[in-house]
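Engineer: As annotated by Swiss-Prot, NAD(+) binding site applies to Thr129, Thr130, Lys142, Lys151. As annotated by Swiss-Prot, Zn(2+) binding site applies to Glu184, His247, His264, with the evidence given as sequence analysis.
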Amino acid sequence: MRTIQVTTPGVQYPVYLGSGLLPQVASRLRKLTAPNSRIFIVTSPEIWALWGKKLLSGFGKSSPEVLFLPAGEAHKRMASVEKLATALSESGADRSSLLIAFGGGILGDLTGFLAAIYMRGIDYVQIPTTLLAQVDSSVGGKTGANLSTGKNLIGSFHHPRAVFADVDVLHTLPPRELRAGLQECVKAGIIRDAALFSYMERNAETILAADDAALTRVIAAAVRMKADVVQQDEREGGLRMILNYGHTLGHAIETVTHYRGLLHGEAVGWGMLAATELSRMRGLLTAAQSERMQRVILAYGPLPRFRAKAEALLEATARDKKNRAGTRRFVLAEKIGHATIVEDVTEAELRAVIAWLLQRVREAGQLREVGA
């Protein structure tokens, strides 16, 4: 087992990474909670059917209460938060209670937000069950819910007490889910870890085969990168924005397709292709550098096609959380392993890269079309 510490000015917590962690969760939680504290697990029926017994095996007779939330982006909304909060209240949860977010990134984000606001804040831990959640959303304290007008427009910073990333759960992931999570790992390499990027470039076949050693190496590198960034910029005042590489257009794609058909990592994959091309258009990358990045992004595809109008994507980017005072901020690459935040992207440049992206989508004879 590897342990990676996430340290900020106000909090420190461990990310445990390895095989066979689920039965160990209960014993480690005893060190984090007061005697007789209530523990509540928030999970989906699907995850519980696969891994619930394994997680409960360490609790003995003092089994936590389980609250179910259906999987899917459509349930990442305030109505779900209210429903879960009501269930906690009816069950007698108090300020000493602890929540366990046992699922993918959507469930983890929502459970973290619930923990942040229930009784003005209670503790929680993350047990991410997708690769994307293990390397990204479970680390760093961002929590939230979606509005109809955009993704994660309601939320707070609320760090977990611990993260348990058990690689065993990844073996039940559909291959498409695994590939979507690997897009976030490619992102980590592009923005801040050239060695990780090169490793993923050389070992795509082994990584895509879900080799334990290869996956653990990639996950550990991505988590360390994010922990380092969060330590330097907890509240996204500057450096932490680089973690949004590919997310400006990625979130726009999710918004205009109504969160249907594309997984988050797939939308980010398309967004990274666009960000890489915009970096080339601006002269930050050479054509060779841009092509190399795009080859590795596509090596962890295929990316599903989607249908969207350029104007709809343009409008969605205007609501991006990175924007300030009407200025569109973009995270662009300067070289492999280094990203920068650009604040002067013009509408003309954005229209040009959206046109380029939609042409690439039309040319992609992969999977199926989604969206409307």
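Using N, Cα and C of the backbone, Cβ positions are placed for all residues, glycine too.
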Engineer: Hey, how far is Lys151 (NAD(+) binding site) from Glu184 (Zn(2+) binding site), Cα to Cα, in Å?
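Structural biologist: Lys151 (NAD(+) binding site) to Glu184 (Zn(2+) binding site), Cα-Cα distance: 17 Å.
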Engineer: On the three-state reduction of DSSP, what should I expect for His247 (Zn(2+) binding site)?
Structural biologist: helix
Engineer: Neighbour count first, Cβ atoms within 10 Å, every protein chain included; then name which of Thr129, Thr130 tops the list of binding-site residues.
Structural biologist: Thr129
Engineer: Find the shortest Cα-Cα separation between His264 (Zn(2+) binding site) and the binding-site residues Thr129, Thr130, Lys142, and name the residue that gives it.
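Structural biologist: Answer for the nearest of the binding-site residues: Thr130.
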Engineer: Please report how many Å separate the Cα atom of Thr130 (NAD(+) binding site) from that of His247 (Zn(2+) binding site), as a whole number.
Structural biologist: 19
Engineer: Centre the Cβ atoms of Glu184, His247, His264, go out 8 Å, and tell me which other residues of that chain have a Cβ in range of the Zn(2+) site.
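Structural biologist: Going along the sequence, the neighbours come out as Leu132, Asp136, Gln183, Lys187, Gly246, Gly250, Gly265, Ala267, Val268, Gly271.
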Engineer: If one measures from the C-alpha of Lys142 (NAD(+) binding site) to the C-alpha of His247 (Zn(2+) binding site), what distance in angstrom results, rounded to a whole number?
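Structural biologist: His247 (Zn(2+) binding site) has its Cα 15 Å from the Cα of Lys142 (NAD(+) binding site).
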Engineer: Give the three-state DSSP assignment (helix, strand or coil) for Glu184 (Zn(2+) binding site).
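Structural biologist: Helix, per DSSP.
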Engineer: Measuring Cα to Cα, how far is Glu184 (Zn(2+) binding site) from Thr129 (NAD(+) binding site) in Å?
Structural biologist: 15
Engineer: Can you tell me how far the Cα of His247 (Zn(2+) binding site) sits from the Cα of Thr129 (NAD(+) binding site), in Å?
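Structural biologist: His247 (Zn(2+) binding site) and Thr129 (NAD(+) binding site) have their Cα atoms 22 Å apart.
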Engineer: Determine the Cβ neighbour count for His247 (Zn(2+) binding site): the number of other Cβ atoms within 10 Å of its Cβ.
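Structural biologist: His247 (Zn(2+) binding site) is surrounded by 25 other Cβ atoms within 10 Å.
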